[in-house]
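Heads up, the thing below is written out as structure tokens.
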Amino acid sequence: MFEEAQYFAPVATRDDGSVVVELASGHPGFADTVYRNRRNAIAALALGHKPGEPIPHAEYTDEEHHVWALVTQELAVKHDKYAVREFIDAAARLGLPASRIPQLQEVSDLLKPLTGFGYLPAAGLVPLREFYGVLADGLFHSTQYIRHHSVPFYTPEPDIVHEVIGHANTLASPRFAALYRLAGRAARRVETEEALEFVSKVFWFTLEFGVMREDGESKAYGAGILSSSGEIEEFRGMDIRPLDLKAMGTTHYDITKYQEVLFEAESFDHLEDVVGTFWDTCDDDSIARLAASH
Ligand SMILES: [Fe+2]
């Protein structure tokens, strides 16, 4: 329902140095002063982070850990049913804690020996080129806050449940991690904004919302589906189409709703052949030709 660098509450630093996350009036935490203060404090942690230093420790409340535990338990059952095997196996290897929110540094330390990936803290919006570009270096920008406790199975923005349960479990797979790196290299290689947007939309329809044929069924591998307890139950009823680079790179999507059009790879090999090769070789010209093709 959202994409990095596209749907974040704005973060502002005031003249006195205080950091304010500007939640929209419809946000579940909008009227909750305690929650808003938490969001401000957690955003300030990320803003204070300097490259190369350990990720700042976020002290979570019992209520926040409880939200994580609830969602983890709920999603684990659904992953068994709906996630691709590669994801389930990678999640088992990563071994995220089930009853408490892990620190991003801890997630990094678990991932490093598996695929070399590490996490970077993000206060909010990270520009597209930066967000995707550092994937080439094995780095993933992640928010640290968790959704509001009143709606544990819903979030209008990418929170730590999405970033870690969705993405870190995927990044624990060498095959998926290789695709993330290729997307990053593509984002660094292209120069025009149009080409960058095309690259990011292909990411959206694959690593965020991709599905794959496995044992005669549609299984999810996109982090956006795998971190949403509602969407994971619904994706099989959506309009599922064959992988198609031009369509993925040019289809408009609405980040505020469940993804209605999904693209399905026939297999992991197929995903790597089509999407991996695209990211590995694309440039401004090849993307412009693809976008103009019929
Ligand atoms: Fe994401």
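Every residue gets a Cβ built from N, Cα and C, even glycine.
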Per TrEMBL: Fe cation is bound by HIS162, HIS167, and from GLU130, GLU197, GLU208 the site also lists GLU208
How does the model score the domain 'Biopterin-dependent aromatic amino acid hydroxylase family profile' (1-294) in terms of mean pLDDT?
94
